[in-house]
Amino acid sequence: MPEHEERHSHGVNRSLSLGSSMRSLFKSQRSRGPSDRGANGTPGPAQKVDIRVDTASASREHTPVVHKTPQSANPELQQPRHHLGLPNILKLNLTPTNSNPQSKSGSPVSQNTSQESLITDTDIEVEDYRPSKDSRRTVRNASPMSSNGNLPINANTVIGPDTSSNNIDSMLDGTGLRPFYEEADSSDYIENLRSFPLPTGHYAPGFIQPPKSPTSSRVPSRSNSRKGREHAGTVSAAQLPRYNETPGKCILDLEYFKLYEDGHHVHTLKVMTSVNSDANGNSHNHASKNDGHLDLPKGDDGSVVRQKSKFSLSGFFKPHSKEDIANADEKLKYAVSLLPRNKICSKVETDRDTFAPVFTKTRSHVQSGSDDSSDDDEELDDPSIPKIVNKNAAVGSQELKLINNLSEKIRMGLSTAAKNKHNQSSKHRTPSGAGVQDENQPAFADLYGKCVAVVGHGAYGVVKVCARTRDEKDDLPATKTYMDSKKIYFAVKELKPRPSDPIEKFSTRITSEFIIGHSLSHYYDKNGEQSAPNILSIIDLLEYNDTFIEVMEFCPAGDLYSLLTARKNKIGKPLHPLEADCFMKQLLKGIQFMHDHGVAHCDLKPENILLHPNGLLKICDFGTSCVFQTAWERHVHFQTGLQGSEPYVAPEEYNPKKEYDPRLVDCWSIGIVYCTMIMGHYLWRNAARGKDSLYDSFYEEMASKKEFYVFEELRHINQEINRLRRIALYQIFQPNPEKRISIDKLLQTGWMRHTKCCVPYKNIPR
């Protein structure tokens, strides 16, 4: 027999290896480490693994480069330092002083689960702004995912081929090395995410419900298989016990938050009582009235004192009588939309084009109520309009026309209402120059239903919840608000000028709040793409006499402030670290979207952050937002003056003679919001030197020691993730804004890259 045929025969005898079996099992053509094909033979998501070589030793070509980091680089972390002479920080509590004490050691994870196992300790860190700390890039050991709840390793972890004798077995039962799927493709993320959705029929827009079972395409095939292993016939990965529709092991089960062994989590926030019961008081489910969002204490005797806020959808919930609700319906009955439309339909959320503004050619068309838009294209080419140089800006030509349109209608409506103030005959008459009543236009109740509750009070009016019966036309993809199995809900904010407010000032505020919110929440609707999931959807603007009505998406879990206060009162603790990290990432993503389109919020605080029961976060209240770059501007323009609520205001805002970047102000405010989530109280009341002793202490320690004792004493579920978070906090809280980290870079830090979020952002355009 020729030599080459003998070698071939010998190779055939050795072909009964598990490598061939694995190729048959997963229908992979080649075995080159992780498979590039799914279980059905179609290309699956790429498994990105960063392989590094230690050039110091060629013999360790495939050995991970490991840098050991001491368990505690700073001995002061072992024992909290107590600073004498400082005011009691508990005075900054969001809750009464007689509430349960706050836990300083962080929320426990599980009695039988090691906290060190919950977060992978791998990372490639960004530049550390603290010169006293070691900011070298470190890589940790890649530990297999074990059955006791350890999380998978990060995709950037330095790993080498596994030559152990049981590596194939570990792959089959799911305990082998599997890449951490944070920020993977959306399809890959969804396949790996085990979902515990809302009760049947409930839906929150922007939240993608993943399938029950994870994907099989993530199981890698190996070329270094063992010899002589018996193998079964070809089966699908779904038939393996690991990939059956068996939910993952829950390692942390709280009333409001669940954590699973693969690292994903589920929020189970309470729904308002007003949503659980209809106007007749018929309960739709068994939610408790003491759901943690109602009847917040208020007063001067150590109880909750909110920062000044225009509105809150859940903060001051009070039950209202049927008579109050009937009066509200009577007022809303005559409300007329101020938005010009090219088409009227009976169901507002079933057609996206319904809310696309139709901009008229001249102001005479606006005053006459004409909806003629045939010359829109010609108007866009008008030489009097500056050339658009920033197509990503949220405020462009159409928004400018809508601003002029609404401002004119609001001014005329208020002027006419003032003249008819004492005329009883004008009680149910729409003011001249405002929205023109049309017998073909559907009534308010047909579009948004009837009032079921009054859930908020503010300086300019009240916030109500309206609901109507859900029908087959209310398809989920087009709907921009909350619904259950029977009804669809809308938040309705009434805005009425105070006697001391000039008409021009009130008109500017309404127009600014509506235009910014509407343009951001509908930015991608023009192109038929998915909109930003963390921006509250603004739907319509209507008028009745001197009252203006803004219709918005309804978030039935209330605002973040109410959640923090209720949690502190009920269990005496702030949010779980992983829960707060998820909210932090969503908040950063939402503000990143705003900044990418030329808008800074300038008033970020828990009262302006709304929540859905599944944990989906929504940013609201754009009344004080700053448009720092329009479609006609190439460069960012700064601003001056104090904006926002005191505990969240950045230090540079207190200098009236100096301009500041509003984007960096938002970053500072986000840091305060996060610390409030994990500590249960503000860091300080005022970030101006000489006005607050706590801020003075922070400033002096940062200047002398490059650290702040409050940040040093914070604890997370894992020492490494705690270190990464601490680095990010120091980058956020830079008193000098020129040294402060941006939102984009903050999302690239190791802390945020390790944070698993409820919303898959990979395929959502920025």
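Just so you know, glycine gets a Cβ as well, placed from its N, Cα and C.
Record features, source Swiss-Prot:
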type	residues	note
REGION	1-165	region 'Disordered'
COMPBIAS	14-25	compositional bias 'Low complexity'
COMPBIAS	49-64	compositional bias 'Basic and acidic residues'
COMPBIAS	94-120	compositional bias 'Polar residues'
COMPBIAS	127-137	compositional bias 'Basic and acidic residues'
COMPBIAS	140-165	compositional bias 'Polar residues'
REGION	201-240	region 'Disordered'
COMPBIAS	214-223	compositional bias 'Polar residues'
REGION	277-297	region 'Disordered'
COMPBIAS	288-297	compositional bias 'Basic and acidic residues'
REGION	362-384	region 'Disordered'
COMPBIAS	372-382	compositional bias 'Acidic residues'
REGION	417-437	region 'Disordered'
COMPBIAS	419-430	compositional bias 'Basic residues'
DOMAIN	449-752	domain 'Protein kinase'
BINDING	V455, G456, H457, G458, A459, Y460, G461, V462, V463, K493	ATP binding site
ACT_SITE	D603	active site, proton acceptor
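In this view, G461 (ATP binding site) is surrounded by 20 other Cβ atoms within 10 Å of its Cβ, with every protein chain counted. Cβ neighbour count within 10 Å across all protein chains ranks V455 highest among the binding-site residues V455, V463.
The Cβ of D603 (active site, proton acceptor) has 24 other Cβ atoms within 10 Å, all protein chains considered. Looking at V455 (ATP binding site) and the residue listed as 'active site, proton acceptor', their Cα atoms lie 21 Å from each other. In the three-state DSSP reading, D603 (active site, proton acceptor) counts as coil. In this structure, the C-alpha atom of H457 (ATP binding site) lies 18 angstrom from that of the residue listed as 'active site, proton acceptor'. Its own atom aside, the Cβ of H457 (ATP binding site) has 15 Cβ atoms within 10 angstroms in the protein chains shown. Here D603 (active site, proton acceptor) is positioned 19 angstrom away from G461 (ATP binding site), judged by their C-alpha atoms. Geometry remark: V463 (ATP binding site) versus D603 (active site, proton acceptor), CA distance 19 Å.
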